[in-house]
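Going by TrEMBL, these are the annotated features:
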DOMAIN    A:5-292  domain 'UvrD-like helicase ATP-binding'
BINDING   A:Ala26, A:Gly27, A:Ala28, A:Gly29, A:Ser30, A:Gly31, A:Lys32, A:Thr33  ATP binding site
DOMAIN    A:293-570  domain 'UvrD-like helicase C-terminal'
COILED    A:499-530  coiled coil
Amino acid sequence: MSIYDTLNPEQKRAVLHDKGPLLILAGAGSGKTRVLTHRIAYLIEERDVNPWNILAITFTNKAAREMRERVDNIVGYGSENIWVSTFHSTCVRILRRFIESIGYSRSFTIYDTDDQKTLMREVCKFLNIDTKKMNERSILSVISRAKDEMISPEEFALQAQGDYQQTKYAQAYSEYQKRLKASNALDFDDLLYKTVELFQTNKEALLYYQNRFRYIMVDEYQDTNNVQFQLIHLLASGLNEYGEREYNLCVVGDDDQSIYKFRGANIYNILNFEKAFPNTTVIKLEQNYRSTKSILNAANEVICNNQGRKDKTLWTENEEGEPVQFTQYETDFEEADSITSEIQHLVNTGKINYNDIAILYRTNAQSRLLEEKLILKNIPYKIIGSVNFYSRKEIKDILAYLKTIDNGLDNLAVKRIINVPRRGIGLTTVDRVNDYALQQNISFYEALTRAQYIPGLERSASKIIPFVSLIEGLKSRIQQEGYSLREIIDDILDATGYLRELEEENSEEAQDRIENINELVNKLVTYEENSLEPPTLSGFLEEVALVSDIDNLNEEMNHIVLMTLHSAKGLEFPYVYLCGMEEGIFPGYMSIFADNPVEEIEEERRLCYVGFTRAMKRLSLTAAKQRMIRGETQYNKPSRFINEIPRYMIKMNTASPRKVQFSKMSNDSISDKSPGILDFDKPASKPQAGYRPYYTAETKQFEGTKMGTLDYGVGDSVKHVKFGVGIVTDITKGGKDYEVTVDFPKFGIKKLLSTFANLIKID
DNA sequence: TGTATGGATATTTTT
DNA sequence: TATCCATACA
């Protein structure tokens, strides 16, 4: 049996597509990653494409990692030569090699959103921009848009002539860019912008990569912005050996899941793909393997209210399943209480694990109440988003030390830690040093080393000197042979007294911070042990700069997950609770009252579609009549998205009979559009009030897996063509296949699909 | 220089 | 409601 036999006809057509542009419109859960990975395998094995000539681009590290893993598993030797990476890390890799040709140093650092804000604050101060009239965030978003459109500060200034406001933006942009450069830093937008600029100005570099990347795949194409399009277009425009443009570009996306317009994603990249790349083959993947018919039908009903989408209807062979549930509660408090009780009930009575369940919401703020209830009921959970691990204060502090040691040019990092922990070096001192640095045209750190000579610093200089020698001491140690990164971070924690200070504080918060720092140390150790190239401080810092919270989601852990709808894209869960289905929450006020409400609502509707299609078995929608938002009580109607689902498709539950007044509920809370939308004949299927079973948050045992056709089981030794002999540690059923986890002594733990892996049992 | 206090301010955020 | 920031004071 060939690996391609497991594909449906459309998937197969996409996988076997030969040359030329290919647009795969892949609905939610239609197996797009599978198609991508199989296509890569096909190109290598059947078309003799050199793995070296393949580039696969994703948006998140998590997606890249998963793709890498799956590609490694189905491709034989040479899979490590395929570039599988995110847009941003692809750019970093290219720039590390060629950036000098556009006047930057190859050891540039990457500024994250927080760094950008800090820098912009400095810029505004410097330019006397009143941040009450023009706040940093809005300036940064103007700049971000400009970079997305590939508009340089000079061009921006030119276009701004005559407009006071725009001129201010232009000045800020120019100064901001100047300072980035002085710190030898690039922000996220720069990574893309500068790569395109490089390709436009350096033909040699462009040719090199065009020649290398003969086959390009892009995942989540609906979320690409303009620069990303430019980048892809440039890379894909290489000539083949006959001097022809082949555009061996394969993009996969779903216009219905485009939810990042606010961040510059241009939906026309996918809608007009066929215009940009002549002779495009279009393949639609409409069979969904994830959800029940009930869930999919509801999702289809909602999304078909959008105009201007590519026509497609998802269908499935899966069972009908339970109807989609909708419950409207009196208050947000009851909503949270009820959802969490239900979860507890599900886990206690059913064969369901915590990690089968997700609670999704529109805004991060909604997680609070839920979190309180989860703690109360002792339900293990993880919240994704809100505060990224790497944006925590203590983590940023330690990273700033590492950055300072690594690259003294990073002015922001040095300024961040100069007085952390407190050294009695205040704002006035920092300002003086800063002025001196600007005047002498040297970096802030360089100025610190000359503290004794800076006028007006007599007293403070004595405080600066120990700081400089601390940094210098650490710097010299890192150059010593055999000095590990682990030792450096330990030295920092010790020599600065950072840990000691936290320990002495003896509060719960300090304890959390210490744990976070330990986590950082772990990550550094992991990097040091697993890095393919010799581990360096710069390498670690780079990896860390491009990581998001969702990347850390570990499916193995047995806890429920809470996150925003945005973060949930690309994930799936058997049981999904989508809460806060209310006008004003979802769709949010901002979109209802926007200048272009139609467009904005359509984006919210796509978000709703994304939310619905995360669910595999059961989708529960909830709303509250009364909700506390920013200290104010709001009364909201159920979301219009609920009304877009025909009522026969939805099971209306009545919430807590003890409190609900039926007449009131049907009159004020439901819009006139669909009268009688609530079905009171059906009994409430809610766990009894006050239901609070005893349960410890310990791991629940997995149901015994049926082995069926496999001739090996957990604990057996098996042999794999590439990885050699290993021991089966787990087997789970996934679609038509079994997913077999095998621990190979030489290659580590691998997840393999039984159909492809051809594992042979060894006695 | 460090802390206290009032006041503004508030979607979503793959990197 | 909670959080962040600037300014005022000790």
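Placed from the backbone N, Cα and C atoms, the Cβ positions cover glycine too.
Shown here: features listed in TrEMBL, placed on the structure.
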residue	record	Cβ contacts under 8 Å, 6 or more apart
A:Ala26	ATP binding site	A:Lys32, A:Val35, A:Val252, A:Gly253, A:Asp254, A:Lys284, A:Leu285
A:Gly27	ATP binding site	A:Asp254, A:Asp256, A:Lys284, A:Leu285, A:Glu286, A:Asn288, A:Lys312, A:Leu314
A:Ala28	ATP binding site	A:Asp254, A:Asp256, A:Gln257, A:Asn288, A:Arg290, A:Ser291, A:Ala299, A:Leu314, A:Tyr609, A:Val610, A:Thr613
A:Gly29	ATP binding site	A:Asn288, A:Tyr289, A:Arg290, A:Ser291, A:Leu314, A:Glu572, A:Thr613
A:Ser30	ATP binding site	A:Leu285, A:Glu286, A:Gln287, A:Asn288, A:Tyr289, A:Leu314
A:Gly31	ATP binding site	A:Leu7, A:Asn8, A:Gln11, A:Leu285, A:Tyr289
A:Thr33	ATP binding site	A:Ala63, A:Glu66, A:Met67, A:Arg70, A:Asp219
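Within the model, the coiled coil (A:499-530) shows a mean pLDDT value of 85, rounded to a whole number.
One way to see the shell of the ATP site is to take the Cβ centroid of A:Ala26, A:Gly27, A:Ala28, A:Gly29, A:Ser30, A:Gly31, A:Lys32, A:Thr33; the remaining same-chain residues with a Cβ within 8 Å of it are A:Val35, A:Asp254, A:Leu285, A:Asn288, A:Tyr289, A:Arg290.
Of all the Cβ atoms in the protein chains shown, 22 others lie within 10 Å of the Cβ of A:Lys32 (ATP binding site). When secondary structure is read from DSSP and collapsed to three states, A:Gly27 (ATP binding site) falls in the coil class.
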